[in-house]
Amino acid sequence: MQDRPGLVVTGVSGRMGRVLAGLIAADPGARLVGAVERAGHPWVGLDLGEAMGGAALGVVVTDDPLEAFATAQGVIDFTSPDATVEFAGLAAQARAVHVIGTTGLEAGHLARIAAAARHAPIVRAGNMSLGVNLLVALTRKVAEALGEDWDVEIVEAHHRMKVDAPSGTALMLGEAAAEGRGVALDAVADRGRDGITGARGAGRIGFASVRGGDIVGEHDVIFAGEGERVVLRHVATDRAIFARGAIRAALWGQDKVPGEYTMLDVLGLV
Ligand SMILES: NC(=O)C1=CN([C@@H]2O[C@H](COP(=O)(O)OP(=O)(O)OC[C@H]3O[C@@H](n4cnc5c(N)ncnc54)[C@H](O)[C@@H]3O)[C@@H](O)[C@H]2O)C=CC1
Ligand SMILES: O=C(O)C1=N[C@H](C(=O)O)C[C@H](O)C1
């Protein structure tokens, strides 16, 4: 049925790309209309379903994002920062909703994404799961209620292949804690400690990263006070939670005006 939004998955052979492709292909509310991989990848030119080891899906993997986006209403993108800014420009040209799950984006990338969002809706979040976005809302409230006598530390753990730290989720949680306290995260963040660091500074928000094995993603927000601790925790055991959120965002964005949105907008948590 052509009235279901057509979605393209970029980085389709990746850990997230494969989960997304499988879920969209089975989703009665969407159509999988394109699959993009980097030039030179062995899947380029193959039917996506066959490349994934299953039945043909009728979607050929391409390394030409412009061609793939031309017929799409949404682009779901979990790739790398440089690829994501290129896709933001191309999705905007195609007036397709761009859902960005990619993390490790720096100021220059964010500026280019903001420019693209003048032409089409972009939904970006360091974590697309319902549970983590609820945790973000809770973190803001708890930080506001407890104040600066309680030290905030964010500990995250991920699989051995993850290339960025702290995780995008940890940074979202840090932003939420800073917002609850009415400060800018950049002014108070301690991103990694080593050696003779001196005592912990009051009001700082600390980050620590663990990498190993196949850990999907775990996040603790620790509020450490005198004689007690509050710990907010999210544990992901299946990447489908991120993929379901991203598909929901792509469908939600269909009737939105151009601009930048987050999963809090999609889930009505703002
Ligand atoms: N926001 C969220 O909920 C989540 C975000 N992520 C983030 O998504 C990103 C990807 O994660 P994974 O799937 O685990 O990584 P991955 O390394 O398994 O997959 C990335 C894929 O992107 C492809 N790629 C890179 N450059 C490309 C280009 N120019 N054109 C087309 N394809 C290109 C790679 O070939 C690879 O297949 C990371 O930044 C990760 O932190 C991951 C899970 C959840
Ligand atoms: O790279 C991952 O795997 C994940 N990345 C996101 C992040 O950086 O927080 C989300 C999730 O935790 C998995």
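In case you wondered, yes, glycine gets a Cβ from its N, Cα and C as well.
Unlike curated entries, TrEMBL annotations are predicted automatically.
Worth saying up front: this structure is predicted, and the values here are computed from it rather than measured.
Annotation comment: TrEMBL describes 7-128 as domain 'Dihydrodipicolinate reductase N-terminal'. Look at the domain 'Dihydrodipicolinate reductase N-terminal' (7-128): DSSP puts its residues at 44 helix, 26 strand, 52 coil.
Other C-beta atoms found within 10 angstroms of the C-beta of A125 (NAD(+) binding site) number 27, with every protein chain shown included. Annotated NAD(+) binding site per TrEMBL: G11, V12, S13, G14, R15, M16, E37, G101, T102, T103, A125, G126, N127, M128, in sequence order.
The number of other CB atoms found within 10 A of the CB of R38 (NADP(+) binding site), across every protein chain shown, is 16. The NADP(+) binding site feature in TrEMBL is assigned to R38.
Per TrEMBL, domain 'Dihydrodipicolinate reductase C-terminal' is recorded for 131-267.
What TrEMBL records for H158 is active site, proton donor/acceptor. In the three-state DSSP classification, H158 (active site, proton donor/acceptor) falls within a strand.
DSSP assigns G168 ((S)-2,3,4,5-tetrahydrodipicolinate binding site) to a helix. Residues or ranges marked as (S)-2,3,4,5-tetrahydrodipicolinate binding site in TrEMBL: H159, G168, T169.
Sequence-distant neighbours of K162 (active site, proton donor): residues of the same chain at least 6 apart with a C-beta under 8 Å from its C-beta are R211. What TrEMBL records for K162 is active site, proton donor.
In the predicted structure, the domain 'Dihydrodipicolinate reductase N-terminal' (7-128) carries a mean pLDDT of 98. Excluding the listed site residues H159, G168, T169, the same chain places T103, G126, N127, E156, H158, K162, D164, S167, A170, G217 with Cβ atoms within 8 Å of the centre of the (S)-2,3,4,5-tetrahydrodipicolinate site Cβ atoms. The 6 Å Cβ screen around ligand 2 retains K162, G168 from the recorded positions T102, K162, G168, ordered by sequence position.
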